[in-house]
Amino acid sequence: MTELSIRPEEIRDALREYVDSFQATSAGREEVGRVVVTGDGIARVEGLPHTMTNELLEFSGGVLGLALNLEIGEIGTVILGEAEHIEEGQEVRRTGEILAVPVGDGFLGRVVDPLGRPIDGLGEIQAEGTRALELQAPTVVQRQPVKEPLQTGIKAIDAMTAIGRGQRQLIIGDRQTGKTTVAIDTIINQRDNWASGDPSKQVKCVYVAIGQKKSTIREVVNTLEEAGALAYTTVVAAPADEPAGFKYIAPYAGSAIAQHWMYNGQHALIVFDDLSKQAEAYRAISLLLRRPPGREAYPGDVFYLHSRLLERCAKLSDELGGGSLTGLPIIETKASDISAYIPTNVISITDGQIFLESDLFNQGVRPAINVGTSVSRVGGSAQTKAMKSVAGRLRLDLAQYRELEAFSAFGSDLDKASRDQLARGARLVELLKQPQNQPYPIERQVVSIWAGTTGKVDDVPVADVRRFESEFLDYVGRSHRGIYDAILGSGKLGDDVIQELNSAIAAFKNQFTLSDGKPLVNEAAASPLDPSAVRKESIPVHRAPARTDDEG
């Protein structure tokens, strides 16, 4: 039996080889905390003293949480996901990452959750990078004035409360007054710009659904898909059954996706539907985290909640690429009270508001825009010259009409001027009515409003105004296409175009038939008389003899 001998040199070489092959990169420091209290989508965690504000924490099972309250000894965390399996005593680990979402063109045509994860069953999304949710808005020197129009396709808005690229225009009104429809029509109206392939015209859209029913979100997606608008739109969905944390971060996730395009020199549009539900979710989170309540139980920083979100909408300077992000926040009022806390906050932040009134909606005026309380602080700077020239008197005429309409309800006798004003106002209201999901191109809007403000439809019965408008616009497109081309080409309404418009509407009136079967123009123009057919007669004139002085 041979004896086993161990040489010290072999042991030394083996140890040296092992030490040389050891990789120390896998070693690191990991902070581990524990759940102290959990419930209602909130967890209080202790043992993570180096956690940052808005840092993501990882619970057992891979559920993420957002650190909002950094207190002495514990952290108040909002759970982003299913909280049923989180129990007291479970381990919680730091991720060292601030909340961010993936961004890029791969999100166009997709439906994602507030963390950027696809929920439409169409597979993974190839992202171009990530963008933090909490980023500083563009500074004053990084912006430029809003001066490029963003057409909504809605006559009442483009004429009276114009929206420009980089503007923040609030859509406010009671429930079921058409707020979402206005926003969806604006997205659909960008379809022709997208089809043009011109990056300076294309507008990429983001629709953020906050606290809505899943069936409603599905309906919006179907509407966009049927209209061919989903190809350039991203839907960020935080339905009503999602935790409050998702509803809180959804608008920031949508704006991060849109800001990626803005900072790349492109144009984007984002719709927040609606911020009232985000404020309610933030109120619930703040109360559960035991933050001091203020007016209507909202926390003291609820103004900052919306201001830091909406200030991200901007028209960037040319040095930064000239990109833009236009925001359409939606706020729901109760009993048309626009003086409530959240509505007044958002009104003071935005560049104007479109107020939709339930009374007008119930009267069949759709979109139900209240002209008196709707305003755009950008105004004519975001309008083409053609639209500005025809829409100048529209707001004044409608405001006077509403005032006279209320006065005439008392049964008072009115003079002819007042009756004429009422008649024209009723026809203007009919002209501004518009079917759902059928935005008008800008050239058709200009011709329609020109016909109304110049009194060309004053002789058309109110019941026939909308049919007259539709058929006349089609007639111009067939027989006077040069009018549309001139409006689109120069952006102006020159004297030659107005002259051709007068000829076109006069010719169309001669062939238009009212709903009762009678022609609009009752008598055809009389043909000139043939001189040979005129019979000349001489009439004898008998003069009395002159009187003499003797006869006097």
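The backbone N, Cα and C atoms fix where each Cβ goes, glycine too.
Model, not experiment: these values are computed from the prediction.
Of all Cβ atoms in the protein chains displayed, 26 besides its own lie within 10 Å of the Cβ of LYS179 (ATP binding site). According to its DSSP assignment, LYS179 (ATP binding site) is helical. What Swiss-Prot lists as ATP binding site is GLY173, ASP174, ARG175, GLN176, THR177, GLY178, LYS179, THR180.
For 533-552, the entry in Swiss-Prot reads compositional bias 'Basic and acidic residues'.
The region 'Disordered' annotation in Swiss-Prot covers 526-552.
The annotation site 'Required for activity' is assigned in Swiss-Prot to SER374 on the grounds of sequence analysis. Contacts of SER374 (site 'Required for activity') defined by a Cβ separation under 8 A and a same-chain sequence distance of 6+ are given as MET160, THR161, GLY352, GLN353, ILE354, PHE355, in order along the sequence. Classification of SER374 (site 'Required for activity') by DSSP places it in coil, neither helical nor stranded.
Annotation: GLY173 carries the greatest number of neighbouring Cβ atoms among the binding-site residues GLY173, GLY178 [cut-off 10 Å, Cβ to Cβ]. Following the DSSP three-state reduction, the secondary structure of GLY173 (ATP binding site) is strand.
The binding-site residues in question are GLN176, THR177, THR180, and the one with the fewest Cβ neighbours inside 10 Å is GLN176. When other Cβ atoms within 10 Å of the Cβ of ASP174 (ATP binding site) are tallied across all protein chains shown, the result is 18. Excluding GLY173, ASP174, ARG175, GLN176, THR177, GLY178, LYS179, THR180 themselves, the residues of that chain whose CB lies within 8 A of the CB mean position for the ATP site are, in sequence, GLU332, LEU356, SER358, PHE361.
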